[in-house]
Amino acid sequence: MDKMQSIVVLTGAGISAESGIATFRGPGGLWEGHRVEDVCTPEALERDPALVHRFYDLRRAALAGVAPNAAHRALARLDAEWPGELLIVTQNVDDLHERAGATRLLHMHGELRSALCAACGVRTPWSDALPPATPCAACGAKAMRPDIVFFGEMPYDMDRIEAALAQCDLFVSIGTSGAVYPAAGFVRTARWHGAHTIELNLDPSDGSIHFHESRMGPASVLVPEWIDSVLTDA
Ligand code: APR
């Protein structure tokens, strides 16, 4: 394969599973305890803000009890040592990539440790509980909400993601079921633009057929192995 210059990595809940954060689909999945429609849509926030805020308060508080695993740490090493272009696009709202040291990182579905003013759009770092009707420090409106992209809302930074997919030489998907768009379509976009595509996942996913290579196993094993090989060839 020609010398790689530009890499895009997509991560999903599977990369944080071995850190103790529940994935969404599959046994014991996060959604099993809740109907998505009840906790992760603009209508739910309108209908029952206390339930939605409590759901995200619990997930935000749980971050204190988890830590990055070997897969997050390996990606942070790639971030530090890869000489070419790199963008880590995560669907996850936890902060484990940052805590492992990643910097070339983009949260397309928002972040638990951030609060968004629904009135003025200002985002504020947030680590505590976020009661409904919390006043915004910037505009004063009582409109602070979890800074999470709900179903039916547009993911963040799609222009930047699409530009990265159009010029990358390698696209690697880690720990995602390929169940939710637009992330589920990234492999086809990258492949269409000529990138080599690799899936690292515990199980076959909805998108497995679109990858040049699909390697099955835990992220904590597959990701360090892959990054060792990439940095050896760099
Ligand atoms: N190592 C690698 N992969 C794993 C591991 C692991 N230890 N454990 C689970 N997986 C894989 C599962 O096989 C599954 O394919 O991670 C994937 C998790 O899939 P989902 O639970 O659907 O999570 P994700 O793909 O991130 O969901 C995408 O859907 O609910 C929305 O906004 C939410 O960002 C989320 C999006």
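From the backbone N, Cα and C atoms, a Cβ is placed for every residue, glycine too.
If you look up TrEMBL, you'll see 1-234 marked as domain 'Deacetylase sirtuin-type'.
Annotation source TrEMBL lists NAD(+) binding site at 12-31, 91-94, 175-177, ALA219. Around GLN91 (NAD(+) binding site), taking its Cβ as the centre, 21 other Cβ atoms fall within 10 Å, counting all chains. Reduced to three states, the DSSP call for GLN91 (NAD(+) binding site) is coil.
Around TYR56 (substrate binding site), a 10 Å sphere centred on its CB holds 22 further CB atoms from the protein chains shown. The feature substrate binding site is assigned by TrEMBL to TYR56, ARG59.
In the three-state DSSP scheme, HIS109 (active site, proton acceptor) falls into the coil class. Feature annotation from TrEMBL assigns active site, proton acceptor to HIS109.
Under 8 Å, Cβ to Cβ, and six or more positions away along its own chain, CYS139 (Zn(2+) binding site) finds CYS117, ALA119, CYS120, VAL122. The Zn(2+) binding site annotation in TrEMBL covers CYS117, CYS120, CYS136, CYS139.
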Do you know which of the binding-site residues CYS117, CYS120, CYS136 has the most other C-beta atoms within 10 angstroms of its C-beta?
CYS117
With ARG59 (substrate binding site) as the reference Cα, tell me which of the binding-site residues GLY12, CYS136, GLY175 is the closest one.
GLY12
Please identify, from the binding-site residues GLY20, ARG59, the residue with the sparsest Cβ neighbourhood, meaning fewest other Cβ atoms within 10 angstroms.
GLY20
Going by C-alpha positions, which of the binding-site residues (SER16, GLY20, PHE24, TYR56, GLN91) is nearest CYS136 (Zn(2+) binding site)?
TYR56
